[in-house]
Amino acid sequence: MPDKGPTADLPKKGPAPSTDEVDLSSVNLPAPLVLPYLIILRVLNAFTIHTFFQPDEYLQALEPAHWAVFGYGNLTWEWTNGLRSFVHPLLYALPYKLSEWTGFGVVGVLYFPKVLNGLLAAFGDYYTYKFVQRAARGSALEQLARWALLVSITSGWNWYMVTRSFSSSLEMILTTIALAHWPWGRHVYFADTAKALSAAAVSCLIRPTNGLLWLFFGAALLVRVRSSVTRAKLAVLAITIGSFFFALGMAADYAFYGKPTVPLLNFVRFNVFSNLSVFYGLAPWHFYLFQGLPVILLAHLPLTLMGFSRLWRSQFAFLTVLIILVYSMMTHKEFRFIYPLQPLFVYFTAHGFHRIQRSWLKPVIIATILLNTAISLFFTQIHERGVMDVMEYLREDIDVGSIGFLTPCHSTPMQSHLHLDIPIMALSCDPPLHLIGNPAASTLVKTYQDESDIFYADPVAFLTQKFPPPIKAKRESGKFEYEWPTHLVFFENLEPIMKPYLEGSGYQECERFFNTWFHWDNRRSGDVIVYCKWPWE
């Protein structure tokens, strides 16, 4: 065993040997051998995603980074009100700055972040392998670790999600890296523990809810430690590392906002004390149980349950149940909120594969890979592709002078995929910030309508009030909130309204893009349509 710095003994738990007692030097997969292939795979993964999932992929990462580097872009209400930390977008400001320095322009803006995401995802895969190799027990730990690597790279959800610029994706990767360095055996290696705490601290900066996971593992570690001196050293190490990264986070937020800002406090004030998060949707208590887990696990679900049933008394099983229960009590739920549990899901799934009889192993592997591949290809190549294709069209059309998006708010990326400093109008969906601090906020928010709601309630009335008449001869003097752009974008379900309203105005359909065969929001159903008006009046 190579020297890893000072250590402290933990009590031996059970008869099974820990990874510290097994010689892995001749059987493990070294990073120089595995990482290059994982990097190629995940960069390819990043470059071949052509669909839209959720707006936070852009609005909470790429868009603020673009605004910070290039001085223009789309900042949502969270950024103008200090609810978000700049730590995560700072990561993407680096490739944007590199694009600016090297003169790659829009090519760098589009593809440098994808390369970064591919690199991060590859490290996530590799450290999934290292985590299971370190945490598993018994003589089969190397086999379990290799099963885990196979599960990670063939996961349909990982292929769909891990190379997107969501904070949840980075949170999952950092959690995996931290788990891979965490002391699971009979010794505490302080150098490795410091790496684990550093990755955990950054993950908590990005998404503070990750703190629940590390409070659990930290408490469990302190209980296992024999020596009070070791406990004190671990506490000092955790406080020191936590304080250091908290200070770095404060510095990043000060640089972005131009004043001392603690986004976590503003976030809690909005989501907890005022409970305005319900504005973005309510989900039943069983959402994660019957929707979240099946979607994330896909074809691996039976194997995950098989492994979980074998390990149901483990701390990993207890933590998984605890976090899902806690998150289930929250009103606003999303699939990606439990994505940081993915390394634990992979751990269970690896044990599930390991339990399969040899005669069934090959058919099960083939079936899970084929099913996960089919699902991931559909959702990365077909479903909700039009909202991405339309941005490429607008970016490359030299006649684009201004754009208007008459779509539900945040239906497309913005400057992270346009990189055009031109006037852009888009319907907003800002929450009722005036209700913050109001004791009746959770009740009043139910009747609040944002701009998107008002538009879709009566599109013609909205256009008449907010825009001048589309036909120049009918225009009267007066000021309007919006002007007609050179290019209008809307979904097919609005076509029966927009086509007659714009008749005689000079607008005509210049392109349409297939988007999806089905959508949970009927306002986004059908194709994405572009109307152009050229030459302009």
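Numbers here mean position along the shown chain, with the first residue as 1.
Including glycine, each Cβ sits where the backbone N, Cα and C put it.
As annotated by TrEMBL, region 'Disordered' applies to 1-22.
The annotation transmembrane segment is assigned in TrEMBL to 101-123 (among others). Proximity of distant same-chain residues to the transmembrane segment (101-123), defined by a Cβ-Cβ separation under 8 Å and at least 6 residues beyond the stretch ends, is recorded for 35, 38-39, 41-47, 62, 66, 91-92, 94-95, 158, 162-165, 169-170, 173, 177, 395, 416-417, 419.
Remote same-chain partners of the transmembrane segment (144-162), defined as residues 6 or more beyond its termini with a Cβ less than 8 Å from a stretch Cβ, comprise 28-29, 34, 38, 41-42, 45, 49, 53, 117, 121, 124-126, 128-133, 136, 168-169, 172-173, 295-300, 336, 339, 342, 346-347, 349-351, 353-354, 365, 368-369, 371-373, 375-376, 379-380. Annotation source TrEMBL lists transmembrane segment at 144-162 (among others).
Per TrEMBL, the feature transmembrane segment maps to 196-222 (among others).
TrEMBL lists 234-257 (among others) with the feature transmembrane segment.
The feature transmembrane segment is assigned by TrEMBL to 277-299 (among others). Residues 155-157, 270-271, 324, 327-333, 335, 337-339, 342, 345, 349, 367-369, 371-372, 375, 431-432, 442, 445-446, 448 of the same chain, all 6+ positions outside the transmembrane segment (277-299), place their C-beta atoms under 8 angstroms from a C-beta of that stretch.
Summarising the annotation, TrEMBL assigns transmembrane segment to 311-330 (among others).
Non-local neighbours of the transmembrane segment (336-353) in the same chain are 54, 128, 131-132, 135-136, 144-145, 147-148, 150-152, 155, 157-158, 161, 166, 168-169, 171-172, 175-176, 179, 203, 207, 209-210, 213, 288, 292-293, 296-297, 300, 302-308, 310-311, 316-317, 319-320, 323-324, 327, 361, 364-365; each lies 6+ residues outside the stretch with a CB under 8 Å from one of its CB atoms. Annotated transmembrane segment per TrEMBL: 336-353 (among others), in sequence order.
Remote same-chain residues near the transmembrane segment (360-379) are listed as 51, 150, 154-157, 159-160, 298-300, 303, 353 (criterion: CB distance under 8 Å, separation of at least six residues from the stretch ends). Residues annotated as transmembrane segment in TrEMBL: 360-379 (among others).
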